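Novice: According to TrEMBL, the domain 'PurM-like N-terminal' annotation covers A:27-139. Here TrEMBL flags A:Asp28, A:Asp73, A:Asp210 as Mg(2+) 3 binding site. The annotation Mg(2+) 4 binding site is assigned in TrEMBL to A:Asp28, A:Asp73. The Mg(2+) 2 binding site annotation in TrEMBL covers A:Asp45, A:Asp73. Taken from TrEMBL, the feature Mg(2+) 1 binding site covers A:Asp45, A:Asp121. As annotated by TrEMBL, substrate binding site applies to A:His52, A:Asp262, A:Trp319. Marked as ATP binding site by TrEMBL: A:Gly120, A:Asp121, A:Arg147, A:Ser212. Look at TrEMBL and you will find A:151-299 tagged as domain 'PurM-like C-terminal'. Summarising the annotation, TrEMBL assigns Mg(2+) 5 binding site to A:Asp213.
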Protein chains: 2
Amino acid sequence: MSLPPEFALVARHFRGLAGEGALGLSDDAALLSPPAGRELVLAADAMVEGVHYLPDDPPETIGRKLLRVNLSDLAAMGAEPLAYLMTTALPRGTPPAWLEGFAAGLAADQREFGLHVLGGDTVSTPGPACLSLTIIGTVPPGTALRRGGARPGDDLWVSGTIGDGALGLAVLQGRVPADADGHLARRYRLPEPRLGLGRALRGLAHAAMDVSDGLAQDLGHLCRAAGLGAVLELARVPLSPAAAARVAEEPGWLPRLATGGDDYELLFAASSADSARIEAAARAAGTSATRIGQFTEGPPEVRVLGPDEGAMTLPQGGWSHF
Amino acid sequence: MSLPPEFALVARHFRGLAGEGALGLSDDAALLSPPAGRELVLAADAMVEGVHYLPDDPPETIGRKLLRVNLSDLAAMGAEPLAYLMTTALPRGTPPAWLEGFAAGLAADQREFGLHVLGGDTVSTPGPACLSLTIIGTVPPGTALRRGGARPGDDLWVSGTIGDGALGLAVLQGRVPADADGHLARRYRLPEPRLGLGRALRGLAHAAMDVSDGLAQDLGHLCRAAGLGAVLELARVPLSPAAAARVAEEPGWLPRLATGGDDYELLFAASSADSARIEAAARAAGTSATRIGQFTEGPPEVRVLGPDEGAMTLPQGGWSHF
């Protein structure tokens with residue numbers, strides 16, 4: 001008695017990703033004994049072909065991006081990864097090579113970030129592929145970073161560099177010339193969850209979130225959560241050499257990088273007394289942290305200062321699905 | 001500063017569903033302090049418009065079905081519901097009334113089954129709606145029901161009635177005449193997770209699963225997990241009055257009901273010494289349990305006995321997405 005095709009597919013491609021408690025992905029559900037003395041941190045993000053990734057992106061990076069956008073949510077809470085569940089709705093006739101690549105990407109990132117799959121579901125769809133992942137992490141109780149909590153006068157920080165993802169998408173769509181070493185496209189396809197920095201910010205940052213829908217729009221969430229305003233100084237926003245070169249060529253890109261999305265960097269608030277500790281924590285985590293503005297007394301509003309230090313209006317708020 | 005449309009949509013329709021630890025659905029992730037002395041049980045199921053439900057199904061029942069197919073996985077493990085995360089990929093232009101109905105259905109079932117939403121993601125798709133839900137339940141450690149564990153000579157049991165879901169779909173698609181009181185369509189749209197029976201089977205059933213892809217195919221999973229064969233007596237399969245009437249009219253439906261899917265009943269193995277306890281447990285849980293066959297020494301193979309008690313071959317194995 002052979003397995004029906006759907007289950008054979010799961011067995012061939014996904015069973016190797018299963019860890020403790022997954023019951024070989026062949027039971028109705030998975031079992032998880034929560035680690036003693038830890039609080040669980042849970043998030044779920046979906047990705048749709050043609051919306052969150054390009055149909056011809058390599059399947060390896062699609063799998064890794066799906067995991068990494070969720071890991072970025074854990075990073076924003078200061079949490080450590082534990083396990084995940086995943087559902088995939090795929091067109092009938094998805095080539096086995098695509099599934100192999102997708103699973104290989106997940107396997108690589110499971111090793112890199114130390115987590116495993118617990119369960120999920122594989123179904124067919126007449127539409128584009130639709131991927132959903134629920135991630136589970138842990139923190140010591142009461143230490144999770146939160147979005148609310150910024151205080152007037154706090155510095156506004158961001159990790160890494162901003163705008164590479166938006167430019168990478170533009171490169172892949174042929175809207176801007178490619179950079180020589182492919183940095184921009186790589187950043188679009190393979191975000192870098194700032195897990196080490198997130199952990200180090202526990203007890204140090206007053207508020208944190210990850211930047212996924214555009215720096216300016218996401219800063220608005222931090223402002224609303226705290227009932228504060230913020231000043232964002234565009235000239236201080238950290239750019240990669242490739243992004244800086246593009247802005248030098250076309251200055252109109254600068255405000256668009258602040259609204260472009262797909263950054264997956266950490267945006268956070270901290271007391272200016274802690275600047276040195278934050279810079280050291282970022283270095284230790286293999287990234288950088290840059291002060292790009294300040295929180296102010298309310299109302300919750302983002303004031304953007306342009307490169308000439310004058311107030312400016314950004315071309316659009318940020319990414320919205322609806 | 002108003003919310004971007006995507007976040008306004010989440011706030012309007014989903015925030016009322018959030019419970020403890022969800023942080024108002026406005027943080028990067030949710031927090032969950034696992035109940036002391038319990039093991040977590042986790043499952044994730046996806047539903048695609050036009051595959052798992054009909055485009056003109058009422059949005060209330062779509063939301064409830066999404067929750068219930070996942071609750072059915074908890075029932076199969078003997079677990080009690082705790083919380084869930086959900087991602088929805090919806091076409092742009094989905095009417096607000098659809099979202100209202102969808103959320104109202106979820107709210108009704110949250111009350112009925114005692115759980116709440118912890119988090120999720122709402123994105124757009126150019127294809128059909130694609131819904132994914134990860135459910136979290138709990139059991140006392142070591143008591144979860146498992147698929148493996150049936151023993152030779154064990155009775156094979158099923159809860160409730162089989163085939164209503166498959167017939168309900170046929171009714172809604174105009175392939176068979178409707179029953180007078182709409183029982184069949186209702187069962188397709190609104191499965192009944194057998195949570196009470198599942199809990200009562202802890203320590204009583206040797207193996208259990210929920211029937212979602214067709215009775216015969218799912219029985220194959222129990223057989224493979226135990227390395228046993230099974231005899232399935234079609235004449236004993238419990239039918240609702242509406243399904244029995246359809247079979248009386250068209251006897252060809254009987255084998256199709258055993259392969260049709262969308263039953264969400266519990267299929268389980270137990271010692272024949274426990275028959276009376278099982279029947280009482282089912283009654284107490286508001287359903288019934290019927291012996292429909294027996295497990296035998298291997299190899300893992302399902303032998304189907306037709307209404308005349310002769311061996312028969314079913315028309316197809318069961319539902320497979322691929």
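Residue numbering: from 1, along the chain as shown.
Cβ atoms here come from the backbone N, Cα and C positions, even for glycine.
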Novice: Given A:Gly120 (ATP binding site) and A:Asp45 (Mg(2+) 2 binding site), what distance in Å do their CA atoms have, once rounded to a whole number?
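Specialist: Distance between the two Cα atoms comes out at 14 Å.
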Novice: When the Cα of A:Asp121 (Mg(2+) 1 binding site) is compared with the Cα of each of the binding-site residues A:Asp28, A:Asp73, A:Asp262, which one is closest?
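Specialist: Out of the listed candidates, the nearest Cα belongs to A:Asp28.
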Novice: By the DSSP assignment reduced to helix, strand and coil, which category contains A:Asp121 (Mg(2+) 1 binding site)?
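Specialist: In the DSSP reduction, A:Asp121 (Mg(2+) 1 binding site) maps to strand.
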Novice: With A:Asp28 (Mg(2+) 3 binding site) as the reference Cα, tell me which of the binding-site residues A:Asp45, A:Arg147, A:Ser212, A:Asp213 is the closest one.
Specialist: A:Asp45
Novice: Among the binding-site residues A:Asp28, A:Asp45, A:Asp210, A:Ser212, A:Asp262, say which ones reach under 8 Å of chain B by Cβ distance, listed as they appear in sequence.
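Specialist: Of A:Asp28, A:Asp45, A:Asp210, A:Ser212, A:Asp262, the entries that lie near chain B are A:Asp28, A:Asp45, A:Asp210.
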Novice: Where does A:Asp28 (Mg(2+) 3 binding site) sit in the DSSP three-state scheme?
Specialist: coil
Novice: What Cα-Cα separation, expressed in whole Å, is found between A:His52 (substrate binding site) and A:Asp213 (Mg(2+) 5 binding site)?
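Specialist: Taking the Cα atoms only, A:His52 (substrate binding site) lies 11 Å from A:Asp213 (Mg(2+) 5 binding site).
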Novice: What is the three-state DSSP composition of the domain 'PurM-like C-terminal' (A:151-299), stated as helix, strand and coil residue counts?
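Specialist: Counting residues per DSSP class in the domain 'PurM-like C-terminal' (A:151-299), I get 65 helix, 29 strand, 55 coil.
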Novice: Enumerate same-chain residues with a sequence separation of six or more from A:Asp45 (Mg(2+) 2 binding site) and a Cβ-Cβ distance below 8 A; give 'none' if the list is empty.
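Specialist: Looking at Cβ-Cβ distances below 8 Å from A:Asp45 (Mg(2+) 2 binding site), excluding near sequence neighbours, one finds A:Leu66, A:Val69, A:Asn70, A:Asp73, A:Ser132, A:Leu133, A:Ile135.
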Novice: Name the one residue among A:Arg147, A:Asp210, A:Ser212 whose Cα is closest in three-dimensional space to that of A:Asp262 (substrate binding site); these are the binding-site residues.
Specialist: A:Ser212
